[in-house]
Every structure is written in structure tokens, then in C-alpha cells.
Amino acid sequence: MIDDYLRRFDKTGRGLGLSLGQVVEVENRKGGGMAAEADLIRARLPGGVFWVMDERGDVMTSPGFADRLGAQRDRGAGDLTMVIGGADGIDPTLRDEAGMAISFGKMVWPHMLARVMLSEQLYRAASILAGGPYHRV
């Protein structure tokens with residue numbers, strides 16, 4: 001399901017100046033909590049702007065997310081990286097460094113479900129920006 005939405009995003013987004021980079025998973029096998037995981041994430045960030053998915057972030061509509069994604073593209077800020085934290089969430093220092101923190105609501109979601117939801121919202125945002133029929137209200 002994740003791969004399907006990411007393929008759709010890549011196909012729809014390409015003509016809009018949005019492209020799919022890579023999906024990178026960081027495993028904190030040594031423990032050390034959120035701070036150690038944040039260091040591992042920082043080491044894998046390609047540079048540029050990153051947004052985090054965090055329950056303390058901004059709750060927004062799908063069109064609002066599309067607008068933010070389009071504005072990020074229009075600023076010419078380069079690649080945008082999306083970060084989903086581990087089981088303990090996002091380290092506060094990493095969250096503070098992010099360009100934006102986004103929440104899928106007040107509930108906490110399992111990591112893999114958050115990946116599906118984010119993948120779908122990326123495709124939906126590209127469809128909204130393209131004026132496509134996928135997003136209906």
C-alpha cells in the first residue's frame with residue numbers, strides 16, 4: 001500500500017516539480033531512547049528542510065497540507081524530508097529543528113500505519129495541486 005501511494009505521488013508530482021526521494025529507515029538497536037534515535041536520524045538527513053510527524057504538531061486539512069507542500073516547492077528550498085519517529089515519538093530537540101511538525105490528530109498511530117497515512121496524504125496533496133479528481137470533499 002505504501003509503495004502504491006508513493007508511486008502515484010511520484011507520477012502525479014513529477015509534473016508539478018515534486019519528486020520522490022528515498023525511504024530510509026533508521027533502527028535504534030542499541031537503545032538510548034529518543035535522543036539516540038534523533039542522532040541517528042540527523043546522521044541520515046540529506047540536508048535541506050525536514051518536517052516531522054508528531055502528535056504535538058499542527059493538525060491540518062488535506063488541502064492545507066497540499067498548500068504547505070506547494071509553498072515549500074515554490075520557495076525553491078530544495079529537497080524536503082519527512083520524518084516519522086519511533087515508538088517513543090520525536091525527540092524534542094529534533095522537533096524544534098524541523099521546519100514544521102505535523103500531527104494526524106490527537107491519537108497516537110503505529111509507525112507503519114503513519115507511513116501509510118503519510119504516503120496517501122502526499123499523493124492526495126499532489127492530486128490537489130494538479131487539480132486531479134482524487135480528492136473529493
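Each position is counted from 1, following the chain as shown.
Each residue, glycine too, has its Cβ placed from N, Cα and C.
Per Swiss-Prot, the features are:
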type	residues	note
BINDING	G85, F104, G105, K106, M107, V108, W109	S-adenosyl-L-methionine binding site
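On the structure: features taken from Swiss-Prot.
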{"residue": "G85", "record": "S-adenosyl-L-methionine binding site", "DSSP class": "coil"}
{"residue": "F104", "record": "S-adenosyl-L-methionine binding site", "DSSP class": "coil"}
{"residue": "W109", "record": "S-adenosyl-L-methionine binding site", "DSSP class": "coil"}
Exercise. Which whole number of Å gives the largest C-alpha distance between any two of G85, F104, G105, K106, M107, V108, W109, the residues noted as binding S-adenosyl-L-methionine?
Worked result: 16
Problem set entry | Residues that sit under 8 angstroms from V108 (S-adenosyl-L-methionine binding site) by C-beta distance, when 6+ apart in the chain | E55
Problem set entry | For G105 (S-adenosyl-L-methionine binding site), the number of other Cβ atoms found within 10 Å of its own Cβ | 9
Problem set entry | Distant-in-sequence Cβ neighbours of G85 (S-adenosyl-L-methionine binding site), under 8 Å, six or more positions away | M34, E37, V52, M53, D54, D91, H111
